[in-house]
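> Feature table excerpt (TrEMBL):
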DOMAIN    A:221-416  domain 'ABC transmembrane type-1'
TRANSMEM  A:41-63  transmembrane segment
TRANSMEM  A:107-127  transmembrane segment
TRANSMEM  A:134-150  transmembrane segment
TRANSMEM  A:156-171  transmembrane segment
TRANSMEM  A:183-201  transmembrane segment
TRANSMEM  A:221-244  transmembrane segment
TRANSMEM  A:256-284  transmembrane segment
TRANSMEM  A:296-319  transmembrane segment
TRANSMEM  A:340-361  transmembrane segment
TRANSMEM  A:393-413  transmembrane segment
Amino acid sequence: MSKSELAFVRHEILPEQTPPITDAGIVKWLRDNLFPGPINTILTLVAIYFLFKLLSGAMPWFWNGVWTASSLSECREILNGATGGCFSVLTERWNQLLFGFKYPSEAYWRPTLAFVLLLVSIAPVLFSMLPRKLLILTVLYPFVAFWLIWGGTILTPLMILLGFVAGYVAFRRVEAKGFGTAALLGIAVTVVFWWLGGYISSAAPNVVALTPVPSRDMGGFMLNMILGTVCVSLSLPFGVLLALGRQSNMPIIKWMCVIFIEFIRGVPLITLLFVANVVLAYFLPPGTSFDLILRVIIMITMFASAYIAEVVRGGLAALPSGQYEAANSLGLDYAQSMRLIILPQALKISIPGIVNVAVGLFKDTTLVSVISMFDLVGMIRGPILASTEWNGIYWELWGFAVVLFFIVCYSISQYSQWLEHQLQRDHR
Amino acid sequence: MKKTVFLGALTVAGLTAGVAGAATLDDVKARGKLNCGVTTGLVGFAAPDANGEWQGFDVAVCRAVAAATLGDPSAVEFVPTTGKTRFTALASGEVDMLARNTTWTLSRDVDLKNEFVGINYYDGQGFMVPKALGVSSAKELNGATVCIQTGTTTELNLADFFRANDMEYEPVPIETNAEGQQQYLAGSCDTYTTDSSGLAATRATFENPTEHVILPEIISKEPLGPLVRHGDPEWGDIVRWTLNSLIAAEEYGITSANIQDMAANGTDNPEVNRILGTEGNLGEMLGLENDWAVNAIMAGGNYGELFEKHIGENTPVGLARGLNAQWKDGGLLYSPPFR
């Protein structure tokens, strides 16, 4: 077959054509995702309808929002029948929502600074790529934060810190003679030091002092943050100890831990809080002011540590027994093997569970509003809704609370996902 | 485990230290502050304002007692209590007195070992209906759906009232006043029932208060008053007579405006002079200074002034005096003589 028999031969490649309009770009995406068939088309239209109804109802509420009125009735006057939120309650009462209504307003910078420092000092714990020396900040943070939020002389937190340092030094000195003896000695030294330090700090109450703020003046979201951070960080070590105790071979320790964990887990948090608020007051001698926040912290910590103990126990149980045997065969004693081999692995496994408990616990701190503490929810339900200016406002206030809690809880859960990814602890 | 040991030790310490000391007045003076239990927030009766200062009709009683005992109406530590924690806070000595819209009932007085020292507000359960319903009396509510807070005395009162009048109703159970407000406005019930002061305060927050009426029937007695715990009658006397002095002051025309003048120059009325401490030694009998009542009245004004300022007709709460008028004006306020 010669060339001349062919009518036409193309010598060059055809230029590329754009795909048909129905198979590219936004149209294809729409067809594939929103209108692939009759049922899906109907569902899409219904969804669009509801979305429209939702937005057309909600958006004017935001756009028309009143930010400058001084009471609900004034808001209504300004709106004059139109739909609109009365966000003035937030602009007028934001300080009460964040700090409670009794925290002195000239001292708002103190909890704010404490919060910023919290972010800074927690970073080296959360992100292992940061220089390890930053951990010194983390160790110092609780004392600084206590001084900033509660005020008073800096000697009080300083003495507590020095007590810990003294205890640690004593511990290191005799650590070679065994972990248990050293730990006991360390605790004894710390307590003695505190006892002595108490005299010093009460003798000089004005050394580098901030205006003291009593605990019952704390409130608002600040209270939720204090309770959440303190209780989570305290319940971790207690939870680990309880989990180890539950696995112990020593029957008394084991049964004490089992009873504690099972009892606490079998009781609702709210009853523990009532005990903290109401029943303890009967047992204390009249006139003792055993700080209410401290009582609540103790109860929530007990509650959270029981749950964390069970999470950690799950981690311990997941380790192959070879790990325990390997530790023994290296000649490590119990404390060493736990510290160096078992716990690092078990805690890694437990991370999702621990984060879960932490998020739940943070939200549970709003329960203190039931025992008449003015946390964020307590502030809204009590003083703000009971003021003659703002009685009758709901959506704006609760929406604000939702936003605050969502930001914190969502960040925690995002962090834990990132961390799980980092650690890649399964054998894939 | 250390914590449980710690708590146990505290328990033992508490039990050996014994229960509340006797002389509350001495405690208050030593402390320099009165611990007064209030609500966590009730419109017109107790709520902190934008500056964090407690304001309200119940709060005013606390301030008057602080002024009478310590001479300073601001020497009060307000301890917010919920309906669940109020009596234990009082019984455990955490507060010296409660001024917390608490209904005086026999069991609360006797069984819970409290001492109600008087009544600062006569309340009662009422009904609110939309005007559009066209109802003018609670007796016309046969077959109505009623929004009612569960687990309260109002629930029982409601059942009694409908049974006594041989009517039917359908309850819509709600948990809080805020929820009741929403349900009622959304039209899930024909009528909303709770204490009439609460109804008035609730109605004041509506967008169109004039479209709703509070029916004239009051179906229960809710005498609200301050209380102290058993065991210190002298302290109870102080709170009782401080409240009485506010009521008597209105009766005899002593106001925060003219009291200075009256106390300085004396009056022709011996009863007024005894209240103001320019005659007799009533203050001494109570263990207080002779100008105790002057201080109490100056703290916020007499009963009528307090009422007008916090819950009266010119406030958003807008309550009429009604039962809470002086006995001379057809109300129930009646202070025993100062003699």
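Cβ coordinates come from backbone N, Cα and C, glycine included.
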> Under an 8 Å Cβ to Cβ limit, what residues of the same chain, 6 or more beyond the ends of the transmembrane segment (A:393-413), are close to it?
72, 85-87, 89-90, 97, 221, 225, 228, 355, 358-359, 362-363, 376-377, 380, 384-385
> Using a Cβ distance cut-off of under 8 Å, indicate which of A:156-171, A:183-201, A:221-244, A:256-284, A:340-361 has the most pairs with the transmembrane segment (A:296-319).
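Stretch with maximum Cβ contacts: A:221-244.
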> Considering only Cβ pairs within less than 8 angstroms, which of the stretches A:107-127, A:134-150, A:156-171, A:340-361 has the most against the transmembrane segment (A:221-244)?
A:340-361
> Can you work out whether the transmembrane segment (A:183-201) touches the transmembrane segment (A:156-171), with the criterion being 3+ CB pairs under 8 Å where the paired residues are 6 or more apart along the chain?
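Between the transmembrane segment (A:156-171) and the transmembrane segment (A:183-201), which are separate recorded stretches, there is contact, as judged by 3 or more close Cβ pairs.
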> Are there residues at least six beyond either end of the transmembrane segment (A:256-284) with Cβ under 8 Å to its Cβ atoms? List them, or say none.
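Cβ under 8 Å, 6 or more out: 242, 245-246, 248, 290, 292, 295-296, 298-300, 302-303, 306-307, 309-310, 364, 367-368, 370-372.
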